[in-house]
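**Student:** Checked TrEMBL, it gives:
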- Asn39, Leu41, Gly66, Glu88, Asp114, Asn144: S-adenosyl-L-methionine binding site (BINDING)
- 46-237: domain 'Ribosomal RNA adenine methylase transferase N-terminal' (DOMAIN)
Amino acid sequence: LCLMAAPGKVAAFRLPPLPTIGEIIKLFRLKALKQLSQNFLLDLRLTDKIVKQAGELKNAHVCEVGPGPGGITRSILSAGVEQLLLIEKDARFIPGLQMLSEAAPGKVRIVHGDILTYKMEKAFPKHLKKNWEDEPPNIHIIGNLPFSVSTPLIIKWLENVSKRDGPFIYGRTQMTLTFQKEVGERLTANPGSNQRSRLSIMAQHLCTVENCFVIPGQAFVPKPEVDVAVVHFTPLVQPKIQQPFELVEKVVQSVFQFRRKYCFRGIETLFPENGRLKRTEQLMMTANVDPTLRPFQLSMSQFRNLCNAYRKMCDEDPSLFVFNYREELRQKKMTRSLLESTGQPEQTEEEKQL
């Protein structure tokens, strides 16, 4: 299969004739493993379309996550990239990727490893680094992610954006990634939308997030039960909530803990039982947030106010930030079952004080 350049463009690089992706799958007896939630995309028009969402890739440095049999890899190489780093966890795909590497001499580097543990700080040449305030560097991350990895990976990378480390040590590196359609909708959901969630706030406060297009499930082999969204991320120069990642995540997670109830119900879980109501009221008043709004109705500025007000309370009482609501519930449950097993009734408040 010879990949042609787009009409009207001069092809700076063209892959030599190669077996089709389907032939590669047969040749190396590759089978998508359900336990790794693998789905192959064989239609090169669709892989070209995904790569196009990344923007101008001529002479760019690209990292592709989980290339599998190499469909998107071919489209990236045909876009005229300078260097392509492939990170593949599944050893079965390496021989097919090596065949692609030989077809594009000096352009491809293959790493057999896990993207969740791979040190992205050393993935690209130092001279590509840009200041955070500058235009994004000529570096892109592209990947058709297995569903089981996509959410933990994007949360990890959003934390890297917040701390400007990992792949963002080079500047505001752009990402073009696939997710289950529903996850793609959550990432881009606006206030009031039923899909508005923790992911919406964590992604949108750090990046411009664009839901590019949806690929029907039947385009994949084997066909997943859901459609797939292609989502593009560009880190913002200034995050919309200027607080540490862990603090924002804690507040947002707490708010969405009871997504169908009033938002104050989730906010209560930020505070120990002793003084919980008073502190919740104090936080909501300082942040000027209506306690009867549902979590998905809150705007980004309301989340910013909540995070800022919570930070102020944590500065005044450092024990607050390490408080864990679930741990408190677990301790209470253990105490109750211990008292029941020894036949002792639970102590009254007065007895506890004595």
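Numbering starts at 1 and runs along the chain as it is shown here.
Each residue, glycine too, has its Cβ placed from N, Cα and C.
Quick one: where do these features end up spatially?
**Tutor:** Sequence-distant neighbours of Gly66 (S-adenosyl-L-methionine binding site): residues of the same chain at least 6 apart with a C-beta under 8 Å from its C-beta are Ile87, Glu88, Lys89, Ile115, Gly143, Asn144, Leu145, Pro146, Val149.
The average pLDDT for the domain 'Ribosomal RNA adenine methylase transferase N-terminal' (46-237) in the predicted structure is 95.
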**Student:** Fewest other Cβ atoms within 10 Å: which of the binding-site residues Asn39, Asn144 wins that one? Let me know.
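**Tutor:** Counting other Cβ atoms within 10 Å of each of the binding-site residues Asn39, Asn144, the minimum falls on Asn39.
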**Student:** Hey, of the binding-site residues listed (Glu88, Asp114), which one tops the CB count within 10 A?
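**Tutor:** Per the Cβ count, the most surrounded site is Glu88.
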**Student:** Under 8 Å Cβ-Cβ from Leu41 (S-adenosyl-L-methionine binding site), six or more apart in the same chain: what's there?
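**Tutor:** Listed in sequence order, they are Thr47, Ile50, Gly71, Ile72, Asn144, Ile215, Ala219, Phe220.
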**Student:** If you measure every Cα to Cα distance among Asn39, Leu41, Gly66, Glu88, Asp114, Asn144, the residues said to bind S-adenosyl-L-methionine, what is the biggest one in Å?
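**Tutor:** Overall maximum Cα spacing for these binding residues reaches 21 Å.
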